[in-house]
Ligand SMILES: [Zn+2]
């Protein structure tokens, strides 16, 4: 029986030039690392979906947290304001404060459940700076392990991801503190 194939364009994500090697591979099929057929902003659309469909792990009052469909590492999260603003200087004080607190919570949760050794955290502001979805502000939280960089990305532009996105999302959401837990 054929396994269901989900169009990667239905998910919010930051496309990049890596191909993914899924282990095990099922469910989500990535074609070429592009985000096809989406006119609507993926970060405006994601909150209107269920947590599972939108890959959302937590919803705050002004900002929310979702899994990146094109992760650099397993557990790569994005923190976005609900409002469609392009750059950090356009965010309100309330949005800045909640993006910061959600980022702190994400670090604690990822450290607890994945035993990562460090993080890369940051925002690419503008397409020239590498933003895949330049119109909607998003902060990357990328967990790092001592042994996470291997020869794959260098020679093959391929990353082996040990867990499926759905499993990763469910694990992070389950570990998220209840006061910030998503309602949906
Ligand atoms: Zn948007």
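Cβ from N, Cα, C; glycine included.
As stated in TrEMBL, the feature motif 'Histidine triad motif' covers range 136-140 out of the listed 131-135, 136-140, 141-145. Listed by sequence, the residues of this chain that lie at least six past the ends of the motif 'Histidine triad motif' (136-140) yet keep a Cβ under 8 A from its Cβ atoms are 14, 41-44, 68, 76-81, 84-88, 90-91, 99, 103, 120-124. Helix, strand and coil counts from DSSP across the motif 'Histidine triad motif' (136-140) read 0 helix, 2 strand, 3 coil. For the binding-site residues 131, 133, counting C-beta atoms within 10 A of each C-beta gives the highest total at 133.
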